[in-house]
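Copied over from TrEMBL:
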BINDING   G265, G266, A267, G268, S269, G270, K271, T272  ATP binding site
COMPBIAS  489-505  compositional bias 'Acidic residues'
DOMAIN    244-650  domain 'UvrD-like helicase ATP-binding'
REGION    489-547  region 'Disordered'
Amino acid sequence: MSQEHQDPDLNALSDEGGRIVAEELDILRRIQERLDREAQNAPGQIEDLDAQLIELRDALAEAKEEDQASLVEQMHQVAALSRTRGQGRDAPVDPKNPYFGHLRLREAKSSRQRDVLVGKRTLLDDGDGLSIVDWRNAPVSRLYYRYEEDDEYEEEFDARSLEGTVMIRRSVAVMDASLRRVSAPQGTFVSDRRGRWRDAVGAAKPSLEGGVGTAARVPTGQLGVHSDEDLPRADKHLQEITALIDKEQFNLITQPESGIVLIQGGAGSGKTTVALHRVAYLAYQDRRRFAPGKMLIMVFNEALVEYIRHVLPSLGIDGVPVTTYRRWSTQLLRKLKLRIPISHVDGVPDAVSRFKKHPVVLRMIDDRIGWQLEEAEELLKKRLGERAGAEAALAVWQRNVDLPPVVRAERTLDQIKADVSIPGPARAAAETALRAIRDDLRDVCDDWLELMTDSEALRTALREYAPGVFNDADTATIVRWCAAKAVLDEEPEAEAERDEDEAEERSEPSIDAEPVAPKGEADGDGEDGEAEATPPPRVRTLSTGHTVGLDPEDDAILLRLLQRKYGGLFLGGKRFEYEHIVIDEAQDLAPIEVRVLLDCATDGQSVTIAGDRAQKMIFDNGFVDWPQLLGDAGLPHVAIQPLKITYRSTRQVMELSRFVLGPLHSPEDALIAREGAPVGYYQFGDTGEAVAFLAEALRALMQREPTASCALVTRYPQQADVYHDALRIAEVPKLRRVGRQDFSFTPGIDVTDVRQVKGLEFDYVVILDPTIQNFPEVIEARHLMHIAATRAAHQLWLVCSGPPSKLIPEDLIVASLE
Ligand SMILES: Nc1ncnc2c1ncn2[C@@H]1O[C@H](COP(=O)(O)OP(=O)(O)OP(=O)(O)O)[C@@H](O)[C@H]1O
């Protein structure tokens, strides 16, 4: 039902609130009437946008100064529309949800006022002074994101400087064609479904002042801070987030298309939000270059894959592959058809995993390639001997020094073959040598086997490049485990005979291999199809009963070897690459993995890296801080862009989370978060008592706030099983046990363990049994408890049925006993 059919009741608002809301209702009505008119009058009519552009350009040349601003703006809008339509992806303004921001601008020169609305599509001004600008149309929407109400603005549009004052800046929520919320500097006003408007309380934005006095008051022992389920909440609708994006976030989203943007931000500061909006922004700027299939979003776990896939359509970028590193690398390696079967073994010893993620491996790869090239040159020289033309042939090889090794050998071979100025005998000798060199350089499986099984070289590298990192026992484990990989070099006879075609398929990758479309490679959809198309994964079983296969960490090593040898990854003769790559939660990747990803970006390296040093979950990748990761990944000069405001969690949650982090938290980070309900600590003698208390609180919560999401988070999965079973018996509604990242992202109660919840968000979080055993005073426990706590948007409880962890502030525990 649209707003016009309702009878809004503004009686409960102050005069100012009433005036603001009435003004917004009027604008919405005018826009909706116009959209109705357009839909009736000209269904399917396609405007000649090019003609409009030319008209506007001519008008601009002759326009009076006071009209220029509006004309330039319209030109931008038409140009943007034209770009979108040119790709056949036009979508009209959605009358149910036409815009989310409102600016009233007064131009300095003409003193004329115009209303510019910001939304997800463009609607040109048809003379009534109202237009909608696509938020991705940066020159215009920049005014919305960069300026506050009453600010004077000065912006360059196409080399013209436009000046004026922002008279009004409001964000609005239109849901199902009805205006439901208006946020203005004067206040936030909300309407229920029946059109009754009121002032919103407790909705203060995070600010440096801390919004004192706006905390939602919650009776002790009650889970839940919202009394009115009718109230639309900011954090549940991504479209609204687009309205709320702040200046710093917008600056990051609209960074130049090329180059690496590294975002460091605390939990809930909007890193993922910024990264996804950046993808949408780039796609809008250049749909051809940043087509969905040419971008990649790499996230930490399957739950985030699912969550982001849900979100992409609302940003207009569905079709962008979203995946995890593991899935991506395994699928890619299978497509590359190496002669070693791509199947992984479990139970990799910690020391081995740590070694394979350590930058030492990058150095070992570089060293190995260095030796190979030296040996190659020696061989070439030896074969050429004193023959006439030897120097000329050698000079060709040396001239190609900057090419990737395999390409260098191939190119040199071709050039020498074609160079008739080199006498025949020298040419023939060079050709023989170069063929052998090329074949040797191409064999990355051999490289990998050598790296793993040359025990002496391994020991030396560990000693030299990672002194003190691996002790003698670690080194022994690494050498032993890796040496066993030698067996992968042997093709079991039965298998080789069983399927000759298959063996053929697994031959060394070649730049001229059969074409395989890169699209779908990493989009996750191919997982099943992938399994069908690729030889079933196999491992070798030794007589000892041990299975030998690749370790998960080997994927990155093999991919890196291929990149170094071939100058990239090639599928079907084409470089496998992306126009833009998002790497989320980058602190949990190893430098070698980041390096592999970066080298999958096209020239210009358009990459967004987001992460938080405080949210480490992988502890064996050697991550200490960004400068070191960037250095190891070959990016020493990338600037780190901070996001400082916490949007997800309240000040109370963040204060507790900082205490939990202890020395891992950098004290210079200011805490900017909105006020909220106090963190609750509840101590019980045993689990049964805790369950009884929780069951009551959760039942009441689900009754009061049926749309709420709540996570009950344990340290270990088995503990989640226990709580889940007990709560189920206690008939807690909408209860789910989430054990394998299979969140439904719907209202209800998810019982899960801390490793599942990374990157996610819930209205309420209860950490179950934060005891001294579950969360001891060690780095890993600090990070894990911090991650669990910062998933809470509104309220956090700690429910403990054992001696409490030292990571919980003493005064919180004491207060709970009073
Ligand atoms: N400018 C903003 N105004 C209001 N809410 C915002 C803003 N930016 C982000 N948010 C909201 O804050 C929450 C956290 O955002 P997001 O998940 O992007 O943060 P993050 O930094 O990736 O978090 P984490 O590192 O904890 O996973 C989301 O609900 C998001 O919609």
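Backbone N, Cα and C define each Cβ position, glycine as well.
The structure, with features from TrEMBL marked on it.
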residue	record	Cβ contacts under 8 Å, 6 or more apart
G265	ATP binding site	K271, A610, D612, P642, L643, K644
G266	ATP binding site	D612, A614, L643, K644, T646, M654, D669, T790
A267	ATP binding site	D612, A614, Q615, T646, R648, S649, M654, S657, H786, I787, T790
G268	ATP binding site	T646, Y647, R648, S649, E761, T790, A793
S269	ATP binding site	D612, L643, K644, I645, T646, Y647
G270	ATP binding site	I245, D246, Q249, L643, I645, Y647
T272	ATP binding site	L304, I308, D584, A610, G759
For G265 (ATP binding site), the three-state class that DSSP assigns: strand
K271 (ATP binding site) CB neighbourhood, other CB atoms within 10 A: 26
Binding-site residues whose CB lies under 6 angstroms from ligand 1, from G266, A267, K271: A267, K271
G265, G266, A267, G268, S269, G270, K271, T272 excluded, remaining Cβ within 8 Å of their centroid (ATP): T273, D612, L643, T646, Y647, R648
G270 (ATP binding site): secondary structure state under DSSP, collapsed to three categories: coil
